[in-house]
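Asker: Okay, here's the structure, questions in a sec.
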Ligand code: NAP
């Protein structure tokens with residue numbers, strides 16, 4: 001199966017932070033792949049801005065190297081790479097001063113014909129406000145321009161509100177694209193297709209039939225390279241408030257009337273607003289420590305951040321409840337952590353046991369489990385109960401109905417576009433469905449803040465867990481107290 005390429009309108013994309021890690025590792029390689037895919041129209045311009053004093057040649061050499069490192073197989077096409085680099089211009093601009101703004105304004109005025117104008121804020125969050133103000137001051141914040149704002153969007157409700165207010169001074173909500181790159185992942189969008197494209201699941205998608213839901217985002221990487229930021233944030237702010245919250249919304253929301261930005265985001269917002277406050281005994285925080293005989297892969301959090309007293313969590317598990325008609329009484333267990341045994345993002349929907357076994361208790365009881373694997377090995381598995389083969393009477397067993405997208409869909413399923421490819425093209429198309437609205441972000445912080453304030457006031461210290469393990473023992477205890485267990489994080 002070959003995926004369809006739908007061309008986008010002519011655009012000027014200004015990337016503030018064009019020399020940064022995100023621009024080099026994700027944004028520019030993503031644009032290059034779209035260029036190779038034939039989606040970038042002739043005459044489209046990418047203007048990379050930062051303070052460094054770089055010649056055009058030096059900047060292009062930097063990006064050529066980045067694309068060779070992060071661009072995948074496409075990078076071998078040197079003709080395409082040269083043509084792509086021709087679309088790039090470097091502009092020296094200071095977000096907090098006046099350097100470079102007149103030149104950038106002139107450059108923007110040179111764009112021929114009607115263009116979508118996008119300003120991508122790939123800079124530290126302290127620069128989001130100053131950038132919006134400078135764009136306005138220099139007449140670049142036009143009614144038709146769009147801004148893309150990276151995460152983190154605030155570090156609590158107050159700062160998120162303040163940032164929303166600053167951006168709203170110069171841009172209306174329809175111009176603001178708050179990125180959560182998780183929403184751009186092919187399999188995350190597939191959650192909506194699986195739920196709302198099949199009649200099979202939706203009638204069972206409620207507390208009457210679902211026992212509980214587990215959402216796991218496990219990472220093997222640590223925090224190297226992001227130590228200062230991470231130690232001020234922790235897993236709750238860095239992952240739970242945004243990525244896991246978005247997955248929870250997509251798995252729990254009501255069907256929107258249509259696949260349209262506000263219809264989808266209205267339903268997600270209702271889920272967040274229906275979340276109960278999480279009880280302290282339903283929260284487990286962990287911090288990774290070195291294993292015995294540790295090598296570089298299995299280091300310790302505190303040494304890495306250079307703060308032997310750090311109480312920041314690199315792992316969090318919690319039990320959430322959604323107080324609405326569909327989900328009252330169904331627990332949602334969410335967990336995420338660094339330096340775990342395997343990289344795995346998966347949603348497991350555990351259905352209830354059949355109300356009565358006609359085969360008698362000796363046959364065994366098996367509940368259905370639907371696993372939606374977001375990464376790696378994207379696909380879905382449904383565990384179905386069948387008769388154990390053989391003449392030994394009626395005994396039951398589980399078998400998986402397994403669909404791995406790479407096998408079922410061929411090349412298109414096995415090599416999905418990177419989230420940034422999809423999201424940047426959506427910004428150019430003007431489609432905000434996969435971007436967070438301001439009220440959604442604020443509602444997520446309103447749920448998160450009391451949780452953080454609670455453990456801060458209690459002086460809770462995260463539980464240690466071995467680097468390379470499945471997380472702290474207390475997370476298993478959280479489940480055992482409810483007579484449940486985590487589905488394994490598969491290595
Ligand atoms: P980074 O590597 O530190 O890059 C920062 C960029 O901002 C550089 O290009 C820097 O260039 C530029 N910059 C700094 N001060 C500036 C100023 N006053 N005026 C103009 N440009 C300025 O950061 P990053 O990792 O790319 O992250 C960028 C944003 O994306 C952050 O908000 C981060 O939280 C978010 N993010 C990053 C990742 C990731 O994987 N890296 C993932 C998710 C979200 P000069 O110093 O030359 O000016």
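From the backbone N, Cα and C atoms, a Cβ is placed for every residue, glycine too.
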Asker: Among 158, 219, 313, 361, which residue does TrEMBL annotate as binding substrate together with 181, 185, 238, 338?
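Answerer: Answer, per TrEMBL (substrate site with 181, 185, 238, 338), from 158, 219, 313, 361: 219.
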Asker: Distance check, please: Cα of residue 238 (substrate binding site) against Cα of residue 151 (NADP(+) binding site), rounded to an integer number of angstrom.
Answerer: 9
Asker: Across the domain 'Glucose-6-phosphate dehydrogenase C-terminal' (192-487), what does the pLDDT come to on average, as a whole number?
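Answerer: Its mean pLDDT is 92.
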Asker: Would you count the other CB atoms within 10 A of the CB of residue 219 (substrate binding site), including those on all shown protein chains?
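Answerer: Residue 219 (substrate binding site): 19 neighbouring Cβ atoms within 10 Å.
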Asker: Give the residue from the recorded positions 151, 243 that has the most other Cβ atoms within 10 Å of its Cβ, counting over every protein chain displayed.
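Answerer: Of the recorded positions 151, 243, the highest Cβ count within 10 Å belongs to 243.
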Asker: Hey, does DSSP put residue 185 (substrate binding site) in a helix, a strand, or just coil?
Answerer: coil
Asker: Quick one: of the recorded positions 219, 238, 243, 338, flag those whose CB is under 6 Å from ligand 1, and say none if nothing qualifies.
Answerer: none
Asker: Widest Cα span across the substrate binders 181, 185, 219, 238, 338, in Å?
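Answerer: In whole numbers, the farthest two Cα atoms are 20 Å apart.
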